[in-house]
Amino acid sequence: MKLKKVGLNDQHATLFIIGIFLAIVIAEYIFTYLDAGEGIILCLGLTILIYVIISVIDMKQGFINSAESLAIIPLYVLFTSSLPWFFINQQFLLPAVYSLILALCFWHMHEKNLEFHAVGLKSNKLLKYAMIGVLIGIFTGPIEYWVLKPAPSFPTFELKYLFRDLVYMTLFVGLGEELLFRGLIQNDLIKIFGTKTGIFGQAFLFGIMHMTWRSPLELVFTFFAGLLFGILYHRTGSLTAPIVFHGVNNTMLVSIIPYYFAGLLI
């Protein structure tokens, strides 16, 4: 005999999504400040719980889609923190980790039959949007450096490292995080909660995922950066500007300012 699913009305389904948000915050806090192992276990439990709930409880498809895109966050923490990355050369670690994040996003897109253009991966106005991203990233990079003050990665500045980091930060970090937070999570949240709540919600989670820096100022910076990424994506309908903005900001942060302008921003 086939069991009938229990139904959730929109109000209860909204509480379900809010519960996922709170669980992500708690798991990230425990992972960062208390015990990394317990944080990883919580992420595993949260992922399983999300899929169990949407399998046995009936709710509108929009809430299911949002829950599944949010589930990528604990999966991301689970895989990137628990896999044996020690066997990978350090210079390839970042692209390896973000390749996994991209794989999770593309798997989700495949499962939901989402085309590239539906999540903002478009070629229209590519140069214009890329230039917008460059200009904003050049401005925000020094601000984030002032917040974090990371040490130089190498003894001296070299162009080969600058170009390598620009590729890594744009095509792996920028693409991976923008596709996840803006292309998937923001889109799904907007469909059920509206534009303002969708943009605010993804920015909140984007900030929370930077808790591992253990800097309250970085949480504030990444929250507002998430808002700006989200607004850019919503206004242009393209991920180009956010991806380039993200990549240039991070490249300024780790590959340029520590070598040439650090003294001005201390």
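If you go along the chain as it appears here, the first residue is 1 and each next one adds 1.
In case you wondered, yes, glycine gets a Cβ from its N, Cα and C as well.
Automatic, uncurated: that is what TrEMBL annotation is.
Features of the protein shown, as given by TrEMBL:
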type	residues	note
TRANSMEM	12-33	transmembrane segment
TRANSMEM	39-57	transmembrane segment
TRANSMEM	69-86	transmembrane segment
TRANSMEM	92-109	transmembrane segment
TRANSMEM	129-147	transmembrane segment
DOMAIN	165-252	domain 'CAAX prenyl protease 2/Lysostaphin resistance protein A-like'
TRANSMEM	167-185	transmembrane segment
TRANSMEM	219-236	transmembrane segment
TRANSMEM	243-262	transmembrane segment
Intrachain residues whose Cβ lies under 8 Å of the transmembrane segment (167-185), provided they are six or more past its termini: 66, 69-70, 72-73, 76, 94-95, 98-99, 101-102, 104-105, 108-109, 119-121, 201-202, 205-206, 226, 229-230, 233, 239, 242-248, 250-251, 254
Leading contact stretch, 12-33, 39-57, 69-86, 129-147, 243-262 vs the transmembrane segment (219-236) - CB distance under 8 Å: 129-147
Intrachain residues whose Cβ lies under 8 Å of the transmembrane segment (69-86), provided they are six or more past its termini: 17, 20-21, 23-24, 27-28, 31, 36, 39-40, 42-44, 46-47, 50-51, 93, 96-97, 100-101, 104-105, 108, 180, 184-185, 188, 205, 209
The transmembrane segment (12-33) versus listed stretches 39-57, 92-109, 129-147: most Cβ pairs under 8 Å: 39-57
The domain 'CAAX prenyl protease 2/Lysostaphin resistance protein A-like' (165-252) - residue tally per DSSP class, helix then strand then coil: 80 helix, 0 strand, 8 coil
Mean of pLDDT values spanning the domain 'CAAX prenyl protease 2/Lysostaphin resistance protein A-like' (165-252): 97
